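Taken from TrEMBL as is:
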DOMAIN    233-428  domain 'Dendritic cell-specific transmembrane protein-like'
TRANSMEM  21-41  transmembrane segment
TRANSMEM  47-71  transmembrane segment
TRANSMEM  92-110  transmembrane segment
TRANSMEM  203-224  transmembrane segment
TRANSMEM  275-298  transmembrane segment
TRANSMEM  382-400  transmembrane segment
Amino acid sequence: MAELWWIYSKPVPADGRELCTLFLQCSCITAVIGGLFYNWMFASLEYSWHLSVATAVSFSLLLLLTLLLVHPARCVFSMIMPTLGTKQGRELLFSACIMIAVVNITPNIMSNIKTILQVIKCICKNSSDSLLNSTALLEKVSWEFGDAIQETVHSIYKPMNGHFRFSLLQNSSLIYQKMHLASDKISREFLSVEVLVKDSLRVANRLAAGFFVLYLCFQSAWYLKNYLTNLRFDNFYITKKLECLAVDRKAAHLLVGSSKKLIRPTGLKLSWEEVVLCLVQAMLVTVALVLMLVVVAMDHFAFSVADTAVRRAAQFSAVLVTLNIKYKVSAGLSRIMPFLFKVFGHPSEGLLLGDFNRTYHHHLIFSSAHCRISPPMPPNPSVLLVVGLLFCILYATVFLETYARRLCRQIAASFFQSWEQERVLYLYGKLSRRHRKE
């Protein structure tokens, strides 16, 4: 492994064997990166299959030529890997979490909201149908009631017409049409809002992901530029070269006296500034986690409401409506001509003209098996597992960011060993001057 890394980090291969080894190394790297790049574009960013394949192949070929011919580009590319464990890598993971929420969680919430609206639409339609059908019962009652009035014994008291006419049933088709148009309008507006939100989030996530990838490459190039141009940049580590230099010049006490200010790149010790930075980054990741948990909770809440609405709607029983009509008519005695009624032999207390007592039943129906209600969509446990795994990686990168930066420095030092020697001499001179001043 040491020999392979030595060939990979050399500016120019020494012979044909090293050139072939470097070509195989770069080919393996570009094949793996090309596959990951295709999967990222097709599965995460939702680009088309043809565009993803074409872009991945073009990117792989360009990357192969760049790694094979440009030595600093190999260094920058090698530093991108540990840079994924820093802030820039966390931004890419945040972008992946947002895309997972857009592709999986948000449509699930929208689907459950549609189910709730379908239940409400079904209840409104069936209850209105049942209510309009009740007018037929009222018309039947009115005709029977009118017939009872017409069938009075004494024709002198018989009214000309005892029937009622209902015209509400004639407008039922218009009511159905208006309800259908209103529900279609709500469905279209809801669908347009869903499509707009999903497309907007998809485009925003694509732009953010592209920006984060470019910024990741820029961050690695910026680190290498500062490493090669500034001797003081990220130069406070006790490396093996510094230890050997101090031993050769019999100044090992310089490293012992400055142990509080210098850090070994392979050690686990963190400075106070690094600890504070880790805590701040952990708080930011926690805020993002809370926001993602809110979205997940909305998904569970929408499913719970939709499932309850569907089950309760199926359990709705018909409501019995009872119409009881009691009708009794009698004619009292006239105070002006009482002797006429006595002549005809009518009783003095009054005359019974009609008696009507009937009970009618009607059922109001709120749900029907003919309603088209899509089943509620439960939250996908695999999506929750992936999101949880991504946030575990995010928290891990918070505490590994310091070590990732140290690894970047070691990579740069292995690619530019002569410049690393200059940095060691500069740090040794700085420690010597400080020791003499003290």
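Glycine too: its Cβ is placed from the backbone N, Cα and C atoms.
Automated prediction, rather than curation, is the source of TrEMBL annotations.
Panel annotation: around the transmembrane segment (275-298), residues 87, 90, 94, 97, 101, 105-106, 109, 379, 384, 387, 391, 394-395, 398-399, 401-402 of the same chain, lying at least six beyond its termini, place a Cβ under 8 Å from a Cβ of the stretch.
Beyond the transmembrane segment (47-71), the same-chain residues lying 6 or more positions past its ends with a Cβ under 8 Å from any Cβ of the stretch are 10-12, 22-23, 26-27, 29-31, 33-35, 37-38, 41, 77, 415. Residues 40, 44-45, 72, 75-77, 79-80, 83-84, 86, 88-89, 91-92, 95, 98-99, 102, 234, 408, 412 of the same chain lie 6 or more positions beyond the ends of the transmembrane segment (203-224) yet place their CB under 8 Å from a CB of it.
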